[in-house]
Amino acid sequence: MPFLDKVKQQYEDWTRITPSNLLYDRALLLLFFVLLLIGLLAVSSASIPVGTRLFKDPFYFAKRDAIYVFLSCVTCYLCVQVPMEKWEQWHVRLFAFAIFLLILVLIPGIGLSVNGARRWIPMVLFNFQPAEFAKLALTCFLASYFTRKYDEVRSRKLSAFKPFALMGLMGLFLLSQPDLGSTVVLFVITFGLLFIVGANFWQFVGLMAFGGLLFVWLVLSSAYRLKRFTGFLDPFKDPYGTGFQLSNSLMAFGRGEWVGEGLGNSIQKLEYLPEAHTDFVMAVVGEEFGFLGILVIVILLGLLIFRAMKIGRESLLLEQRFKGFFAFGISFWIFFQGFVNLGMSLGLLPTKGLTFPLISYGGSSLIIMSMTIGLLLRIDHENRLMRIGQARLRDD
């Protein structure tokens, strides 16, 4: 089709490696900025009622989110300046620091407890969530480990025990908060990288079965988790109890229909939908911008994930395994977290405290996610330099 051919040509022109755009992936950077701006707009609208009630300022959270967006852009820029070899050298220190933070947050008087969960460390501008840093640290550690043990992981049956044991250590501290959602994200990152590495088939199947059984046990062993897990099956059975969040989220999507009620016209955000600007921000987006608004965000995030996976594939083709595994780990992380958040809001999955990447309100989530974008830009930059160097050698 001529139209699709034209779109494809425009995309190839935009992302082609030429001296004028050698330094960065323009498509990835544009997607990053657009999602940040959409997130700022969504949070500004969704947080008006709660900002008015708590601080007598309807734009209290919007102002703070604008600060987080600025800090995220600065963080992304700083990460682009750091060579990937430094991250590979720091993988053990990053992992150890993440464990330290996960222990620190559990100490009474240091960790901030909200709704029975101790997940945050109070800081000047925001409450830092160590779980977000743990995801980045584990991804970096696994990328380095699988680079060094590549042949061993592909051939030996028990070679994945060490990375899963270390992931389990992080998971143990996360479950103590409790934070099952972040624990599952760590498992998905680990499992996804094992798939990319090409781990032994039976080892792969065994770990998947073990992870599934462990998840079932964790759900069944806690009455609170079991209620949340079963509540999504029929949220209207107990609309003022376990199904309160989900029933209001579904009503928000229902009111939005195809094109939404318009910016600022959400009814469910008026104290009916808890966490409207954080975990359930997509429900407010669905109510105000409808199915088409949700579709646009999903497409944008999908394109960002596609770029991340393409960068990972290019790294592996250039035999840069650490960069490739790091990029793939980031793509699995972003995909799964976005999938779970949207699925949770739509009632397809149990409610979990996972933010939607680059959209939901939260300083820790935005800044750490922006670090991953900076890392992807750096990996792509180094890949481009390497390919240009190889091309010049062939020409000579």
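Backbone N, Cα and C atoms are what each Cβ position is placed from, and that goes for glycine too.
According to the topological domains annotated in Swiss-Prot, K86 and A276 fall on opposite sides of the membrane. Between the transmembrane segment (356-376) and the stretches 65-85, 123-143, 158-178, 184-204, 286-306, Cβ pairs under 8 Å are most numerous for 65-85.
Here the topological domain 'Periplasmic' (115-122) has long-range neighbours at 101, 104-106, 128-131, 177-179, 353, 364, meaning same-chain residues at least 6 beyond its ends whose C-beta is under 8 angstroms from one of its own. Between the transmembrane segment (184-204) and the stretches 28-48, 65-85, 94-114, 158-178, 286-306, the greatest number of Cβ pairs separated by less than 8 Å involves 158-178. Within the same chain, residues 40, 43, 125-126, 269-271, 276-277, 361, 363 sit at least 6 positions outside the topological domain 'Periplasmic' (49-64) and bring their C-beta atoms closer than 8 Å to a C-beta of that stretch. In the predicted structure, the topological domain 'Cytoplasmic' (144-157) carries a mean pLDDT of 87.
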